[in-house]
Amino acid sequence: MRRKIIAANWKMYKTCAETESFIKEFKELSKGYEEKEIVICPPFTSLYVANKLLEDTPIKLGAQNMFWEKEGAYTGEISPIMLKDLNCSYVIIGHSERRQYFSETNDMINKKLKSAFEYELIPIFCVGEKWEEREKGKTEEVITEQVKKGLQGLEKEKVEKIVIAYEPVWAIGTGHSAKGEDANEVAKLIRRIISEIYDEEVSQKVRIQYGGSVNPQNIKEFLAQSEIDGALVGGASLKPQSFWDIVRS
């Protein structure tokens, strides 16, 4: 049985003070709750504060990105050992905004996935198609390429721990979410691809999230789907009550 996982991606929102305020309130709301796994991914600048506040809770800390090298002359980048030092358990890799604004390629994402596993971070690996690709019937082609190139060279013992977030690019931050059944079909496709690369057992262990304008009103539609194991939540995770309503749905 795959445990459900709800992750908050705060993107470029919240100062340290705002992070502290959110976590204190959210800790009160979620006290004693352990049914689903909860992950909070604040900006890099708030990771230290978040780590200190989450130490006495089952809530996991995640980062929104990382570089693939351990250290070096990479101005502005954050390494996996820096994330481990801050007690991060998860790291988001390949988010569509990174692909779009920072020209991240499947090859770069593959390097990041390998590095995350090397330093015992669990990747939340994002895949998803653009609207024009969906309109042209290319969803399967795009997802297949992203999954295959992203996972290239990774052993199955590592892949079975991964979380894959299906985030249709056209649904992110737009207020337009995919329908539950459509998201479930893509989740099935992802499992089929993993089964072809590795085996059925691995494909059944991988947890798949839906992301893209998830909110308290539509979360149940996604969690009711057989192949969807949680959500990667953007804007609706910025307020403690809203995020808590999603978690406990």
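Each Cβ is built from the backbone N, Cα and C atoms, and glycine gets one as well.
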Need a hand: Swiss-Prot gives Asn9, Trp10, Lys11, Ser213, Gly234, Gly235 for substrate, which of Gly32, Gly173, Gly180 is also on that list? Gly173
Based on DSSP, name the secondary structure state of Asn9 (substrate binding site): helix, strand or coil. strand
Ranked by the number of other Cβ atoms within 10 Å of their own Cβ, which of the binding-site residues Asn9, Ser213 ranks first? Asn9
His95 (active site, electrophile) versus Gly173 (substrate binding site) - Cα distance in angstrom: 13
Integer Å distance between the CA atoms belonging to Asn9 (substrate binding site) and Glu167 (active site, proton acceptor): 12
Just to confirm: which same-chain residues, 6+ apart in sequence, have a Cβ under 8 Å from the Cβ of Lys11 (substrate binding site)? Pro43, Gln64, Glu97, Gly234
Can you tell me how many other Cβ atoms are located within 10 Å of the Cβ belonging to Gly235 (substrate binding site)? 17
